[in-house]
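Colleague: Provided herewith is a single structure, encoded as C-alpha cells, for subsequent inquiry.
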Amino acid sequence: MFATAIIVFRETLEAALFVGIMASATRGLAGRNRWLIAGVLAGCAGALALAAGAEYISELANGVGQDLVNAGILLAAFAMLTWHCVWISNQGAQAAADARALGSSFRQGRRTPWALVIVVALSVLREGAEMVLFVAGYAAGPGGATGTLVGALAGVLCGSAVGGVIYLGLSRVPVQRMFAVTNALILLLAASIASQLARALSQAGLINLWGQPLWDTSSLLRIDSPVGTLAHALAGYEAQPTGIQLAFYIMALLVIIGGSRWVRRSQARRRAAIPIGVPAG
C-alpha cells in the first residue's frame, strides 16, 4: 500500500503542478475553470482508454507501440508548451496591467482556448495512463486490491493537495510578476518534457546515441524522495540523466528562449515601423 501511495503521489503531483501552473498562467481568462476541467476530464478519459488498450498498443510496431505513443504525447505537449512560452513572453507584459485583458479575445469570441484544453489533457493523459497501469498491476499482485486502492487514493489526495498549495502560492504573486514566474516554470516543464521525449525515443530504438548516464546524484538527492519528486515535477530532475536527455533538455531551453527573443525583436521592429497615432491592431 505504501509503495502504491508513493508512486501515485508522484504521478498525481506532476499532473497537479502542471494544471496549477497553467491555471496561474491563464488567470483572468474568461471561463478558465470550465476549460481546465474539460482538459482534466478529457485527459482522464484518454488515460483510461490508453490503459485499457495497453496490451494491444504495446504489441504494435514490433513491440514498441507504447513507447511510440508516449513519444507522440510528449512531442505534442512540448509543442503546445513551446507555443505558450513564446506567446506569453511577448504578450504577457501587455496584459500584466490588467490580467482580465488576457481573456478579452476569448470573451468576444475571437479566439477559442482549445490550446489550454489540449495541453492540460495531454499532461493528465500521460501521467494518468501510467498511474492506471501501475495500480491495475499492483491490484492483481499479492498485495491485494483493497490495500492498493487505499494507497492509490491516499497518493491522489496528497498529490492534489500539494499541487493545490503551490497553485495558491502562485495565485498570491502580483499580477505584474505573475507572467514572468509562470513562464519560467512552464519553460522548465517544457525542457523536462523534452528530456522525457528523448528517453521515450531511446526506449523505442529511434535514437541510439549518448545513451549512457552522465552522472549519478542518487546519493545526494534520490528521485523518489519528497524533494527529489518535487524537483523532478518542477524542473525535470534526474539522478542519472543520459547524454541524449541532457542534450534535449538544453536544446529545448535554447529553442524556446531563442524563439521568444526573435518574436520580441520582430514585434519591436513592427511597432517602430508604425507611424505615431496609427493603431497597431
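Placement of Cβ uses the backbone N, Cα and C atoms for every residue, glycine included.
Sharing the feature lines straight out of TrEMBL:
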- 35-57: transmembrane segment (TRANSMEM)
- 69-93: transmembrane segment (TRANSMEM)
- 114-139: transmembrane segment (TRANSMEM)
- 145-168: transmembrane segment (TRANSMEM)
- 180-198: transmembrane segment (TRANSMEM)
- 246-263: transmembrane segment (TRANSMEM)
Colleague: Among the recorded stretches 35-57, 114-139, 145-168, 180-198, which has the greatest number of Cβ pairs closer than 8 Å to the transmembrane segment (246-263)?
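Modeller: Stretch with the highest Cβ contact count: 180-198.
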Colleague: Would you mind listing the long-range same-chain contacts of the transmembrane segment (114-139), meaning Cβ under 8 Å and 6+ residues beyond its ends?
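Modeller: Distal contacts: 3-4, 7-8, 11-12, 14-15, 18-19, 22, 26, 29, 32, 35-36, 38-40, 42-44, 46-48, 50-51, 54, 70, 73-74, 76-77, 80-81, 83-84, 145, 148-149, 152.
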